[in-house]
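Enquirer: Before anything else, here's the structure in question.
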Amino acid sequence: MWTRRWIQFLVLCLHLWVTVEGYLGVFRGDVNETITLSCNNVTELTAWFKDNNSGVVLACDGENSSDGRFSRINGSSLVITMLQIQDEGNYSCSKCSEDKSSQAYIQLKVSSGPYNVLADISPTRTLPNGTIYTSVGSNLSFGCSSNSYPAPDLEIVLQRTDANPEPFPSIKGNNFLQFNLINVASNYQGNYTCSAVNPLSGRKLNSTRQLLVYRPPITSIKCYANNSLGFSKMLLSCSWPGGYPDPLLQWEQDGKIIANESFAANTKDTLVTYLNSSSLRVRQQFQCSGKHLSTKENNMKTCQIQIDLPLLESQPMRTCFTGENVTLSCSVSGAVPSATITWLRNISDPESDIQPGKKYLISQKDSLSYLTILNCSHEEDEGYYTCKAENVLGIKEINVWLTVNKPHNIVGLVTALLLLFLLVVAIITGTVLYCDPQIYLKANPFRSGATDVLVLVDSEDEENEEVFDTAESVQYTDIVPNVPPPAANGHLSKHEVMFHRPPESTSSDLFSEVSDDTGEENQNEEI
């Protein structure tokens with residue numbers, strides 16, 4: 001029961017609001033459009049007022065306003081042409097046959113735009129086709145603006161070629177949006193769309209700018225020269241990879257630009273051209289210039305090459321024993337473009353290159369070439385071998401002489417030398433012993449423990465001086481009496497030195513007595 005009464009109450013309130021207040025709703029129109037306001041389906045003549053009767057838009061006695069933009073249709077509906085923003089407001093209508101107490105109210109809203117939508121990205125540089133670009137690592141400011149009434153809702157969206165749209169900051173009810181990006185990366189390249197939406201009309205307008213994010217090449221510019229087309233032409237190759245977009249490359253010869261040729265080897269980051277060998281000279285210089293849009297306009301990168309003949313080095317002579325292997329080497333330096341190395345046998349066939357096979361092995365490491373001759377033969381292999389280096393400028397050659405010898409009996413030679421050495425030692429030893437046999441006696445190892453007795457015999461005075469050394473296991477021997485007669489002048493003419501071995505039984509006292517007696521005799525002789 002209460003629910004039923006409550007519903008009846010709401011219906012009554014709505015009826016009173018419609019009849020008493022007379023609110024007819026909201027009308028919306030765009031600038032410069034024509035809109036018709038209906039006065040609650042009234043068919044008789046009505047008057048129109050704006051903003052709480054403060055201004056008469058269309059009186060009962062008139063069909064049109066003074067400016068002609070307001071008119072009455074069907075006696076009750078108000079027609080507004082060339083709608084303007086200032087026309088927005090609250091309108092009321094009333095029957096001319098009644099007083100103003102019974103009025104119907106209408107709210108008119110006017111929208112404009114959006115228009116003049118602009119997406120701005122700065123600082124950037126512009127290509128001839130109008131596309132803007134920047135470099136990796138730059139700081140950019142993004143702006144989005146629009147004219148609209150009421151103020152629009154603004155948004156910036158990034159659309160990459162290989163990803164879903166990425167929204168950026170947005171703002172509602174404002175005519176300008178701005179944000180900054182610091183240290184821009186390569187993945188921020190794409191189309192930036194500034195979207196402006198009129199919140200009243202829902203009308204949407206976009207402005208799109210394509211932004212390219214360039215990056216310089218990651219490597220330095222490099223130049224090459226080669227003989228890939230043969231020795232009649234020289235290829236010049238200039239490469240500067242890793243950048244976006246592709247660099248601009250140009251070859252120069254002695255300050256003059258070389259016309260670019262179309263080659264299959266030409267790529268976006270490599271420029272290849274060729275020159276005839278007849279136009280080349282030793283130590284001629286070439287330069288490749290590279291320019292990239294990510295760098296400053298005057299910041300160009302260059303590389304130079306100087307062409308030259310090869311320089312050869314090798315051992316002039318080599319030796320090989322019959323049946324063994326030998327390796328000849330040849331080094332090349334200074335050749336630009338690089339030289340091709342071949343080996344020739346200038347005795348058997350000087351015009352034919354040596355080919356690898358059962359007899360020869362050829363290998364090359366960088367600028368070194370090796371020729372290995374297997375199973376050397378004096379008849380076949382001895383002689384000159386030629387190392388030839390050739391590039392587009394010319395040919396250089398160097399000769400190596402190979403001598404093939406028979407192997408020697410090394411063991412027999414060593415044995416002969418050893419026997420000769422032993423013979424010389426034996427001869428020297430025999431000669432020494434023959435000239436002075438006492439050397440052997442003194443050096444006799446069996447007498448190392450003996451003590452010798454030295455006896456001095458005075459032939460003139462028949463006096464003996466004996467010096468004894470203590471010893472063990474020595475046999476005693478008497479003085480030999482055969483003494484020559486004294487000299488006529490009374491002087492001592494000769495001494496004899498004799499060694500004796502005292503017997504083991506001789507005591508030390510005997511040696512002391514002999515020493516004392518000898519001393520006394522010497523004193524008497526001095527007196």
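Cβ coordinates are placed from backbone N, Cα and C, and glycine is handled just like the others.
The feature domain 'Ig-like C2-type 1' is assigned by Swiss-Prot to 14-111. Residues annotated as N-linked glycosylation site in Swiss-Prot: ASN32, ASN52, ASN64, ASN74, ASN90, ASN139, ASN191, ASN226, ASN260, ASN276, ASN325, ASN346 (among others). Feature annotation from Swiss-Prot assigns disulfide bond to CYS144-CYS194, CYS238-CYS288, CYS330-CYS387. Annotation source Swiss-Prot lists domain 'Ig-like C2-type 3' at 216-306. Feature annotation from Swiss-Prot assigns transmembrane segment to 410-430; the stated evidence is sequence analysis. Residues or ranges marked as topological domain 'Cytoplasmic' by Swiss-Prot on the basis of sequence analysis: 431-527.
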Enquirer: Let me know the DSSP-derived helix, strand or coil state of CYS238 (disulfide bond), please.
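Expert: Looking at the DSSP assignment, CYS238 (disulfide bond) belongs to a strand.
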Enquirer: Sequence gap of 6 or more, Cβ distance under 8 Å: name the residues on the same chain that satisfy this around ASN64 (N-linked glycosylation site), in order along the sequence.
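Expert: For ASN64 (N-linked glycosylation site), the qualifying residues are LEU58, PHE70, SER71, ARG72.
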Enquirer: Round to the nearest Å and give the CA-to-CA distance linking ASN226 (N-linked glycosylation site) with CYS238 (disulfide bond).
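Expert: With the alpha carbons as reference points, the distance is 12 Å.
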Enquirer: Select one residue from CYS144, CYS288: among these disulfide-bonded residues, choose the one with the most other Cβ atoms within 10 Å of its Cβ.
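Expert: The residue with the most neighbouring Cβ atoms within 10 Å is CYS144.
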Enquirer: Please give me the recorded positions out of ASN52, ASN139, CYS194, ASN325, ASN346 that lie within 10 Å of ASN90 (N-linked glycosylation site), comparing Cα atoms only.
Expert: ASN52
Enquirer: As a test of reading the model: what is the averaged pLDDT for the domain 'Ig-like C2-type 3' (216-306)?
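Expert: Its mean pLDDT is 87.
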Enquirer: Can you tell which of the recorded positions ASN52, ASN74, ASN191, CYS194 lies nearest to ASN276 (N-linked glycosylation site) in space, using Cα positions?
Expert: ASN191
Enquirer: Could you say whether, by DSSP, CYS144 (disulfide bond) belongs to a helix, a strand or a coil region?
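Expert: DSSP call for CYS144 (disulfide bond): strand.
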Enquirer: What's the CA to CA span in angstrom from CYS387 (disulfide bond) over to ASN346 (N-linked glycosylation site)?
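Expert: So the Cα of ASN346 (N-linked glycosylation site) lies 10 Å away from that of CYS387 (disulfide bond).
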Enquirer: Output the one of ASN139, ASN226 that, of all these glycosylation sites, has the highest number of other Cβ atoms within 10 Å of its Cβ.
Expert: ASN226
